[in-house]
Amino acid sequence: MSITIDTSVDIDLPTPPQSNGSQKRNLLLAPPSVAAHEEKLRDVFSTFDRSSTDLQMFDRLSAGFVSLPPNTYDLVLVLTDAQSDEAVRLLTRDVYTALVPAMKAGARLQLQQGSLGASEGLEAILAGLVEKDGGFEKPVQEAAVPLKLGGRKKKDKTNGVNGVQNGVATNGASTNGVGMFDPAQNNDDELIDEDALLSDDDLKRPLPRPQNCVPETAKKRRRPCKDCTCGLASQLEEEDRAREAKAAQDLNILKLNTDDLNDELDFTVQGKTSSCNSCSLGDAFRCSSCPYIGLPPFKPGEEVKIMNDMVQL
């Protein structure tokens, strides 16, 4: 009786396509004023390939609703319009904190129109970027090379093939004597005491101090008597009132009542928010983290239901 073993694969699963690591990926950051206009987004995607370009909103990135993959993007382009100061104003420290780790080494951050000013570019520099050609680049971290610190080996000067140095054989045991004196072993160098060079007058002389380092004499505030009649008590009270008024003016905070708060926000769907107002136009105008990815276009405000895996508009 012969036994045959079937070694063929029963289920042949298709191999998933591998992404090309050399393909450059782009990230577009859109403020609400740009994302709300369909024609502006259409012009942008006519320049960049949609398959290698991601679109994100400033407010979602700053609020932490979106997490960017690390070391992914080669170019980060900030979309601008006539109100370019809006995009610059939205480049806060929270945005740089989420954006810089997602940039590859050598990746570039730039505006679609114009460039960042000195004050706005300071946040980019503090985040680890380097200014270059009107934009900012993420520097390439060079690998540290360890240095070998060690003394150089002494070379024996021999004048023969048998290891004879200056007429003395070095192959055998060393001989103690005047001829074998090693100057390198003499570490008893004569040191000079620096304090012995100073005279008594030099030690009594005060140390010179720079003008800005001279300590000020402590001044105690005079306290008025319990039954003060000279006017010192009223003078100190005036100074205290002026100091409190100035502190209250510096800490002037705008306070809102409950009626002043905007109650038009709808929090019925937890985690599903939209800031670009272009979700109804289709996937071409939706950001990468849009909850409506894959759904057909619909009218703004129209209720969308999914019943039995079918979209009901």
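Glycine is no exception: its Cβ is also placed from the backbone N, Cα and C atoms.
Swiss-Prot lists C213, C225, C228, C230 with the feature [2Fe-2S] cluster binding site. Classification of C228 ([2Fe-2S] cluster binding site) by DSSP places it in coil, neither helical nor stranded. For C228 ([2Fe-2S] cluster binding site), the same-chain residues 6+ apart in sequence whose C-beta sits under 8 angstroms from its C-beta are S234.
Summarising the annotation, Swiss-Prot assigns compositional bias 'Polar residues' to 159-177.
Sequence annotations record features per position, and here Swiss-Prot assigns region 'Disordered' to 1-25 (among others).
What Swiss-Prot lists as region 'N-terminal SAM-like domain' is 20-145.
Annotated region 'Linker' per Swiss-Prot: 146-203, in sequence order, evidence recorded as sequence analysis.
Look at Swiss-Prot and you will find 151-187 (among others) tagged as region 'Disordered'.
Taken from Swiss-Prot, the feature region 'Fe-S binding site A' covers 213-230, and the record attributes it to sequence analysis.
Per Swiss-Prot, the feature region 'Fe-S binding site B' maps to 276-290. Packing against the region 'Fe-S binding site B' (276-290) from elsewhere in the chain are residues 30, 32, 35-36, 38, 41-42, 45, 50, 54-57, 60, 65-66, 296-300, 302: each is 6 or more residues past its ends and has a CB under 8 Å from a CB in it.
Sequence annotations record features per position, and here Swiss-Prot assigns motif 'Cx2C motif 1' to 276-279 based on sequence analysis.
For C230 ([2Fe-2S] cluster binding site), the Cβ neighbour count at a 10 Å cut-off comes to 9, with all displayed protein chains included. The local packing around C225 ([2Fe-2S] cluster binding site), expressed as other Cβ atoms within 10 Å of its Cβ over all shown chains, amounts to 9.
Across the region 'N-terminal SAM-like domain' (20-145), DSSP helix (H, G, I), strand (E, B) and coil residues number 47 helix, 31 strand, 48 coil.
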